[in-house]
Ligand SMILES: CC(=O)[C@@H](O)[C@H](O)C[C@H](N)C(=O)O
Ligand SMILES: O=CC(=O)COP(=O)(O)O
């Protein structure tokens, strides 16, 4: 049976017209119950009302996601590590494609640290995940970071290598870090035919967040998988609305902040 139809139907559930505003909340494993994740139900309700296309969590949180996601997409993340463990870069498997489907996911995601000591194992696991997901027509979001000893995590050449690796092993969408400006990030986007989305990193000001998203879209990327800048915000719905204005309506930073009721001077 041709699973392409399943793949494209599921990609549409986690995006809008090929643009992605994903809010990952897998950080409960990485960081613990930080701001925004304790009452994850109200965060999910706010960000999906604000214009998120999809939310992303580990499989165990699925029962808290479905009643609050307002019909938006759902991605299950399948590896993790903690900041208090022996090595944060050593992400270990936490689930399978079958687990994700069992809890009602539209897609799966997997984190690889390209350049770390764990890259070889993570690359094999990602390639296997892509093969398994393809059997079911399930999209794979590869969170492909440049991380490891001596690696500059914002170096456009390293990021270009990371996103290209994701395409080569069969992912459908790739997330990586932002290089810091639209010109250099354009080289990252050009390195692959996959839709590229950025991670937000640790929370900045509202203006920094929205300008980073503007630069990302100007570089030709497809959107964001932005966690802490959104779920740690005192008003997750408003900051999602601002980010959505840039991604889905091509707004500039001032317009996006105004439309969301956030101060433009921030
Ligand atoms: C907490 C972080 O530093 C993030 O960049 C994570 O590495 C990315 C991911 N969302 C995770 O928590 O594993
Ligand atoms: O899963 C994590 C991400 O996709 C990015 O999270 P961040 O908090 O925006 O870096």
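Even glycines carry a Cβ here, placed using N, Cα and C.
All TrEMBL annotations are machine predictions without curation.
Database features (TrEMBL):
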{"type": "ACT_SITE", "residues": "26", "note": "active site, proton acceptor"}
{"type": "ACT_SITE", "residues": "145", "note": "active site, proton donor"}
{"type": "ACT_SITE", "residues": "175", "note": "active site, schiff-base intermediate with dihydroxyacetone-P"}
{"type": "ACT_SITE", "residues": "175", "note": "active site, schiff-base intermediate with substrate"}
{"type": "BINDING", "residues": "26, 27, 28, 29, 30, 145, 146, 147, 200, 201, 227, 228", "note": "1-deoxy-D-threo-hexo-2,5-diulose 6-phosphate binding site"}
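The subset of recorded positions (26, 28, 30, 146, 227) lying with their Cα within 10 Å of the Cα of residue 175 (active site, schiff-base intermediate with dihydroxyacetone-P) is empty, i.e. none. Within 10 Å of the C-beta of residue 145 (active site, proton donor) there are 23 other C-beta atoms, taking all protein chains into account. Taking a Cβ distance under 6 Å to any atom of ligand 1 as the criterion, the recorded positions 26, 28, 30, 145, 146, 175 reduce to 26, 30. Checking the recorded positions 26, 28, 30, 145, 146, 227 for a CB within less than 6 Å of any atom of ligand 2 leaves 26, 227, listed in sequence order. The record assigns 26, 27, 28, 29, 30, 145, 146, 147, 200, 201, 227, 228 to the 1-deoxy-D-threo-hexo-2,5-diulose 6-phosphate binding site, and the maximum Cα to Cα distance across that set is 22 Å. The distance from the Cα of residue 200 (1-deoxy-D-threo-hexo-2,5-diulose 6-phosphate binding site) to the Cα of the residue listed as 'active site, proton acceptor' comes to 14 Å. Taking only the Cα positions, the spacing between residue 28 (1-deoxy-D-threo-hexo-2,5-diulose 6-phosphate binding site) and residue 145 (active site, proton donor) is 19 angstrom. Under 8 Å, Cβ to Cβ, and six or more positions away along its own chain, residue 30 (1-deoxy-D-threo-hexo-2,5-diulose 6-phosphate binding site) finds 80, 81, 82, 83, 88. If you take the C-beta of residue 227 (1-deoxy-D-threo-hexo-2,5-diulose 6-phosphate binding site) and look for same-chain residues 6 or more apart in sequence within under 8 angstroms, you find 23, 24, 25, 26, 27, 199, 200.
The most densely surrounded of the binding-site residues 28, 200, judged by C-beta neighbours within 10 angstroms, is 200. A helical conformation is recorded for residue 28 (1-deoxy-D-threo-hexo-2,5-diulose 6-phosphate binding site) in the three-state DSSP classification.
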